[in-house]
Every structure is written in structure tokens, then in C-alpha cells.
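Here is the structure we will look at.
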Amino acid sequence: MQGFVLLISGPSGAGKSTLLKKLFDEFEDELYFSISSTTRKPREGEKNGIHYHFISHEEFQKGIDSDHFLEWARVHENFYGTSLKHTQNALDNGKIVVFDIDVQGFKIARKKMADKIVSVFITTKNKDELKKRLIKRNTDTIIQLEKRLQNASDEMKELSEYDYLIINDELKQSYEALRAILIAHKFRTKGQNLGQIQNIWNEGE
């Protein structure tokens, strides 16, 4: 099987990380999580090389100049980017590469490898629910919270650009939807070596 990209977007606080953790718990051997590089400072509990590659603005700019990134974007005054080389190596090894990136990054990545991307937008049932989750998380100032909500409203305008939409209201139901999307795309003819399969089939005559 040829690898493909499972690209996840959605507002901060929509529950993407929780759903992806469940996905990796079940499909660990088949998945490769693309670890983004970022210029923001680590949050409590985050480790370099596990959650993100934390780099300086100067290092990030060098990556842009050398075409190191498959996609990159500026989010909340910081930069985030995904390594093109690491992504391609994982795809060549038949892995399902998981991206958790914003709408800006999705549009850039799609231009470079549209035929390999399956895109899913995950959000809450409404803006009030998202606000409750962000307040409960208690990691943002009031100004940061309002900016996240505005960014979420802007991203919601891009829903039609994505292949699938999951309203993450009930965790179990949302996970089953994400799981079904992954499984279905594993068996697409588009991603398989049909010539080899046909040869093996004919040899069995």
C-alpha cells in the first residue's frame, strides 16, 4: 500500500488531540505523526522532538529559504511548519502520515501533494461550546482567547474545502467517524499498486 496523508484541521479546543491520541493507540504501527517545527515557546509538559521541534525565528526563516517545509504558516504571532523530506520518506514507506495543521497550512500542502491528502475538519457544535472548552483549558489570556475564537470563526468559512467534517460533540461517535475515514482510505484503489496485485492474481490461475 502506498502511504497517504490524513490531514486534520479545526479550531484550537475542538478536541483534535484527544481524537488523534485514540487513533494512534489503535493504529500505532501504521501511522506517522508529522512533528511540526515552531517558533513558539514550549508549554508546560511539552518536550522538544516529541510534541514539536522548537526552533528560533532565524532557524525557521532558513527553512523557508531552503524550501525545507512542505507547508508553513504564521499563527498567533508564531510560525509553524512541516518537513517535506520527513513526510515524503514516511509516504514512501507506506505510512499514513497524520498532520494536525491549520487552514493556511492545509491549502499550501494541498498544492504540493493534493493526490495524497485526505482532509478532515473537526469542530465543536457551536462557538459557545468552543469558548467553554478554551476557558476550561485555562491556558490563554482574555485577549488570546478572543483571538482564538475569531480565528475559529474565520476557519469555519473554509469548511467546503475539506473532504470530511466531524462535529465533535460526543467523543465515541466522533472517533468512530475518524476511524472509518482512515480505514476506508486504506483500501482505495488509487493508493495501491494495482499492476502488482493483478500480476499476483493472474499467477494464481
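Here the Cβ of each residue, glycine as well, is placed from N, Cα and C on the backbone.
Taken from Swiss-Prot, the feature domain 'Guanylate kinase-like' covers 3-183, and the record attributes it to sequence analysis.
Residues or ranges marked as ATP binding site by Swiss-Prot on the basis of sequence analysis: Gly10, Pro11, Ser12, Gly13, Ala14, Gly15, Lys16, Ser17. Following the DSSP three-state reduction, the secondary structure of Ser17 (ATP binding site) is helix.
The secondary structure of Gly10 (ATP binding site), as reduced to three states from DSSP, is coil rather than helix or strand. Counting every protein chain shown, 24 other Cβ atoms lie within 10 Å of the Cβ of Pro11 (ATP binding site). Every protein chain shown contributes to the tally, and the Cβ of Ala14 (ATP binding site) ends up with 25 other Cβ atoms within 10 Å.
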